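Feature list (source: Swiss-Prot):
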type: ACT_SITE; residues: Lys8; note: active site
type: BINDING; residues: Pro94, Ser95, Gly96, Ala97, Gly98, Leu99, Gly100, Gly101, Gly102, Ser103, Ala104; note: ATP binding site
type: ACT_SITE; residues: Asp136; note: active site
Amino acid sequence: MITFPNAKINLGLNITEKRPDGYHNLETVFYPIPLEDALEITILNDSKQKFVLHQSGLEISGEPETNLVVKAYLLLEQEFQLPPVDIYLYKHIPSGAGLGGGSADAAFMLKLLNEKFNLHLADEKLEEYAAILGADCAFFIKNKPTFAEGIGNIFSPVDLSLKGYQLVLVKPDVFVSTRDAFSQIQPHYPDHSLKEIIRRPVSEWKNCMFNDFEKSVFPQYPVIEEIKKELYSKGAIYAAMSGSGSSVFGLFSPEEKITKMDFEAAFCFQTELK
């Protein structure tokens, strides 16, 4: 049984306050995009092992036990005594890009196990399991445009469709640590919530919807800022960094026919949103 975990982009990201536990509260809008990994599971005949992880595509660092798809399997295996499985993961979503690739893989693994082994878990229960694995994992259970607050784990639906818009996503060959991204952040409450801004026409977003991480990331990694500028120079009506980086995306008008774009030494994904 196979499934295709998809990435997300952040539309706006406001860091609103630092919490007593050291984390930060924020508000953002998660929007699913059709950049996908591939994830398949089959029954493992060798019952001496609980799982075997087969990885291909983009390189993933770390031991198999640290991979979120494995953690998702072990979470439900412990609860429901699942049989051993072969896990095949093909990575197309870049890691460390602010695209939620690992979280998507984990959430889709929960959904895949639920279907394959007839666990009859409702979405709400799957979201509870997903939240154990990561703050934004639960978003990928329903996988619809969502306003997120808290530490990115409190969700409410957003009535938003970008159907027809052209998306160009670029990830340079740099890694942004979360610590670096937070290093220059001054938490603040914006004058207008993203819940309000997201209802405005996309053509107005450039001047009112921002990613707070850009203030600290751009000075440290100028190549990321240059990509954003280049997307605007090529005609994007809105461009921003996703999450804490290092990917940047541009939205182009449905009426504009754009050609294949190339960015030197960078991963580039281009599609029409459905």
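Glycine is no exception: its Cβ is also placed from the backbone N, Cα and C atoms.
What you are looking at is a predicted structure, and each value in this text was computed from that prediction instead of being measured.
For the ATP site, the Cβ centre of Pro94, Ser95, Gly96, Ala97, Gly98, Leu99, Gly100, Gly101, Gly102, Ser103, Ala104 serves as reference, and the other residues of the chain with Cβ at most 8 Å from it are Ala7, Ile93, Gly243. Long-range Cβ proximity for Lys8 (active site), meaning a same-chain Cβ under 8 A and a gap of 6 or more residues, is found for Phe30, Tyr31, Pro32, Ile33, Leu99, Gly100, Ala104, Asp136, Phe139, Phe140, Ser242. Of all the binding-site residues listed here (Gly96, Gly98, Gly102), it is Gly96 whose C-beta has the fewest other C-beta atoms within 10 angstroms. Sequence-distant neighbours of Pro94 (ATP binding site) (same chain, 6+ apart, CB under 8 A from its CB) are Leu58, Gly101, Lys171, Ser247, Phe267.
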